[in-house]
Every structure is written in structure tokens, then in C-alpha cells.
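Engineer: Per TrEMBL, the feature transmembrane segment maps to 45-64, 101-117, 129-146, 175-193, 199-226, 238-258, 291-312, 424-443, 483-504. If you look up TrEMBL, you'll see 339-368 marked as region 'Disordered'.
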Amino acid sequence: MGKIPANPPKSLPQRKENPNLLSKIRKEYVSFTFAKSLIFDPARLPLISVLILAAELVLNVFIVQNVPYTEIDWKAYMQECEGFLNGTTDYSVLRGDTGPLVYPAGFVYIYSAFYYLTSHGTNIRLAQYVFIAIYLMQLMLVLRLYCKSRKIPPYVMAITIFTSYRIHSIYVLRLFNDPIAILFLYAALNAFIEGRWTLGSVMLSLGVSVKMNILLFAPAILLLYITNLGWLKTALQLSVCGLIQLVLGAPFLLTHPWQYLKGSFDLGRVFEHKWTVNYRFLEPEVFESKVFHLALLGLHLMLLAVFASPCYKYFQNYCRLRHLEMMLVPQIEAQNKAEKEKVKKPKKSQAQALPPSTAATKADEEKLSEDQEKFLKSFEKGMKKMSGKQQGNVERNAAVAAEPPATNSVTNKFSIHFDRSTQLALLPIFLSNFIGIVCARSLHYQFYVWYFHSLPYLTWYTEYPNSLKFLLLLLVEFCWNTYPSTVLSSLVLHSCHLILLVGIGKKMFRRIPDLAQLNKTN
């Protein structure tokens, strides 16, 4: 009598564990520490990104419904595409109210689809909602890269994205083609980071087919190809890019090839001084002179050559870490699985479940070698050197956890966020485009989208104090919102660009640790 059953009902322990689970949730998520991490911890950006996208959807719908649309190029785009849809393939004949057609064939096809979708371009409100979708898709791709890199705190991204009047205006109140080209660019970068090189090449070439500014990213992407794929596979990817251009341009190349090439890929086109954002302080004669154009081109090539060496080293280390990931991840997953099983079952029962030889073999396969464990510990040091100053525990937790777990605590012995190596690929790519922006002869207001979403990354790469970083972003935004541009606004924009470029170079030209040697030196 009164004997306790050998197997008590299952519901009893469940009732006992539920309060502990709720207590754990409260301790983990309902706390000042968690709230603080949502603001400052780059590892929390995936969660904040969902909130940013939802808020941006609401904000953009509000803008469309309440802010008047401004006609600039939409009607001209529709007129140019209407000529093509009527059978004209001569680029010298295709024109709109603002001038001749100057964009490649991809632009013609996409805006021809918009022509039909919007009732011959008359349904502006529908077109605006299409551009809301384009904006959100691009923002999702941008945030995905930032989430992988774990470089930028969430509050920086939220402030930058929400406070840019000019960017929202370009997308949903102006309907320019620049956002579509940039959408393809970020789709390409996401494909490259995932190792889907052919898909990335297709997306990159589609971006060029919409607007030629995507070629500003080309020097760094070529270097990325060579470093990761070698010369032969690089030639194959360049062939893919070229083939896309030939297929898209076929209707024009087969009928009026010279007019198409001259009209859509005119590198010597002279822009009007009245629209420039960056060189308002120059006289129109100087601005339009060929000497000035050639001087800027020479400066552009010189800066690319100067930064080529550190960019190549960044790509080399990125390539090594990706290869290391392919080698170690299966072993890490197997070891973590074994650790998890040890928590569930006594060691003795595990040994009895397998023959001695099988158990020993499995243990040998799952266990990381001493050299691998040493490398995992040195990996964190290398990434810290590559990334610069760390932000306390936030950054340390986002790097590498290569220490054994505490007794009866977590089951995973190793947890490595290899995607953090994305930093090494993004910086040279963003920098290549930024150098092109710095050396551009004329920047028009819609060109802001060419580099706006990379500015937080480039700014936070420097070692400037946060106050100066935010000041740079604020001044750049001020310059792009000053219409028409003034001598002061254009000088301030150049100053901000120069300060940012110097800050990047100052840090980038320090000795870059060779990750292939870290396990030897440690």
C-alpha cells in the first residue's frame, strides 16, 4: 500500500516543465538585454528585417496614396517602347519627349510589359504599386546580404532606410529604370554568395541590359570570378553574360546593329550641366569638355588599380573560408548530432547499440582533428582582424563559438557562422561601384539608388566614430535632396565621398591576415 508506481503518468512531468519553459521564455525574450540586442546586435537583423519590410510596405502605400506623382521620364519611356511595339528596331528612330532611347534591349522589353500592364502607360497608380513590389524585393535582397555579413547593427539599417525621402521618391513617385537595374544587381550578388555562379551571371547581365551603370560593379566581380573559379570558368561566366546580351539585343543587332550599339552603350555621352548633382561648382564649358571627361576616366582607372591588391586579398580569404566551410560543416553537424544523442541516452546504451568496431569508427569520423579545432579558434581572431573593431559581446557572439559546452548546458560543441565571411566579398564589390560614383562626370538624382543601399556598409567599415558616420550619411542625404543642386551641396557631396574613401583606404591597406596561415601561427 502507498507504493509509488514505477512508471508515473507522463502528464506529471509535463506540468512540472511548463512553468520552467515559460520562465525560460520570459528570461530570454522579455528582458532589457533582449530588447537591447534587437537594436545593437547585428545577429538580430534577420528578425528586424521582417519588421522593416512590413513597415516599408505600409509607408510606401501611404506615400502613393497621399503624395502627388511627378512626371519626369515615364511618358518618354512609354513612347520609346511604343515605337518598338509598332515594329521599329532602329534605335536612331526610337524617341520620346525627353530625347532618344539610350538604354539596352532589356529596358525595352521590361517597359513594354509595363506599357501593356498599365493600359499604354496611362494607369500611373498601378505602375506605382508595381514599383512598390520592386522596391520591397530589392530591399529584401539587400537585407539578406546584411544579415549574412552580421556587420551592421539593426538600428543603423532602420534609420538609414526609413529616413531617405529621395530613395522613396525615386522608386514610387518617379518610376525610373535605375531601381530595376539595381534589383537585378542585388539578385546577382545573392546568387554569387550562394555559389550559384551561372544564375548570378545571368542576373548581372540582365541588370546591364536595363542600364549600363551596373558595369561599375564589373571590375570587382571579375576579380571575384578569377579568385573563386579560375581563368577557364571565368571565361565561361563571361560568355554567359555576353550571350544574354546577344539574345536580348538580337532584334536590333540583326537589323540596325550600329544604331543599337551606339544608342544603348554610348560611353561618351555628354550630360547636361543643369541636371548634375556633383559638379554644380564647375562652369558648363569645363563640365562638358572632353579633357575633363578623360581626366575623370584616368582617375577612375587609377583608383581601381590602387585598390586592386587589397580587394584581391579579401577575395582570396573569402574563397578559402568557403572551401573550409564545405570541408568542415559535415563534420561539425555529425559531431553536434552525436553530442545531442549523448544527452538523450546514457553512454553505455549507445555503446551497446553498435558493435565495438562500428562505434569506434563512428567516433573517429565525428571527432574533429586537433588541427581543425585549432583553426576554428583562430578563425575568430582572423575575422576580428578583417572586420575591425568589435562591439563588445554582441560581435564576439556573432563570430565563432569554438569552445566546449558547459556541463549539462548546450548540446552543440561547435557553431560557426561561416556566412559572416560574406563581409570579405561585399566590401570590394561595393567599393568598386563607389569608386565609379566618386569619379562620375555627372550624377543625376535617380543615380542615388546606385549606391544608397551600400552606404551603411561602406561607412561602418571605416574606423570613424559613430557620430561622424551618421553625419556623413546625413550630409549625403542632404545633398541628394537639394534641388536644384548648388555649389555648396555639390562640394559637400564630394567632401563626404572623399572622407569615406580615405576612411576605407586607411583601414583596407593595413596588413590583411592570411587565413590560410592562421592555424600555423596559432
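Glycine too: its Cβ is placed from the backbone N, Cα and C atoms.
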Engineer: Could you pull out which residues elsewhere in the chain have a CB under 8 Å from any CB of the transmembrane segment (199-226), counting only those six or more residues past its ends?
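Structural biologist: Sequence-remote neighbours of the transmembrane segment (199-226) are 103-107, 110, 177-178, 180-185, 187-192, 233-234, 237-238, 240-242, 244-245, 248-249, 264-265, 304, 308, 311-312, 315, 425, 428-429, 431-433, 435-437, 447, 450.
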Engineer: When you look at the transmembrane segment (291-312) alongside the transmembrane segment (175-193), do they share 3+ Cβ pairs under 8 Å, ignoring any pair fewer than 6 residues apart in sequence?
Structural biologist: no
Engineer: May I ask whether the transmembrane segment (101-117) has at least three C-beta pairs under 8 Å with the transmembrane segment (238-258), counting pairs 6 or more apart in sequence?
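Structural biologist: Touching, yes - the transmembrane segment (238-258) and the transmembrane segment (101-117) meet the threshold of 3 or more Cβ pairs under 8 Å.
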